[in-house]
């Protein structure tokens with residue numbers, strides 16, 4: 001989760017988020033190079049004393065400043081397209097979780113395991129434990145196995161919601177009457193926090209999501225007890 005004065009992205013907990021961070025750094029490097037080059041050229045333009053009254057056109061420089069941005073855009077577009085296809089790929093999931101957005105809570109169904117289902121509400125501030133996180137903790141956490149391919153199906157019962165976990169690189173809109181899906185793979189144990197990131201009404205910021213990533217044997221024990 002984000003911590004105090006954390007200006008960068010959260011530490012990744014999935015291979016997809018790692019790739020998103022790599023792409024972010026790649027695009028940022030290109031932006032810095034462009035900014036430095038343009039800034040240098042503008043500085044030199046303002047402060048040099050070169051004058052040519054008869055300069056009317058320059059085909060060479062115009063070709064260069066037309067072709068060069070196109071090449072730079074290719075260096076951004078190709079990794080971006082690769083990442084888009086990776087994010088859409090569904091690889092034989094081990095567990096399927098269904099998430100339904102309501103005003104103002106989430107419902108979850110583990111349809112693979114005798115329809116284990118529960119509602120997940122935000123814990124009010126006055127009921128929070130000493131080690132709890134205000135506006136982020138829930139009464140019923142999602143428990144999922146690490147090192148397993150997880151498929152999540154997202155929909156909504158009333159208005160458009162959005163199921164978002166930054167550490168996993170997952171953001172799926174939940175639309176009434178429609179079932180959207182995506183996948184993720186958690187490569188470490190821990191608690192991963194998210195929220196509804198769609199402006200779905202007055203209390204949309206009070207729809208937190210908490211995933212508890214556990215080893216597979218702990219997950220089997222948890223699912224057996226529910």
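Placement of Cβ uses the backbone N, Cα and C atoms for every residue, glycine included.
Per TrEMBL, the features are as follows:
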- 1-91: domain 'Cytochrome oxidase subunit II transmembrane region profile' (DOMAIN)
- 92-225: domain 'Cytochrome oxidase subunit II copper A binding' (DOMAIN)
- 27-48: transmembrane segment (TRANSMEM)
- 60-85: transmembrane segment (TRANSMEM)
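Non-local neighbours of the transmembrane segment (60-85) in the same chain are 19-20, 23, 26-27, 30, 34; each lies 6+ residues outside the stretch with a CB under 8 Å from one of its CB atoms. For the domain 'Cytochrome oxidase subunit II copper A binding' (92-225), the model's pLDDT averages out at 91. Taking H, G and I as helix, E and B as strand and the rest as coil, DSSP gives the domain 'Cytochrome oxidase subunit II transmembrane region profile' (1-91) the counts 63 helix, 0 strand, 28 coil.
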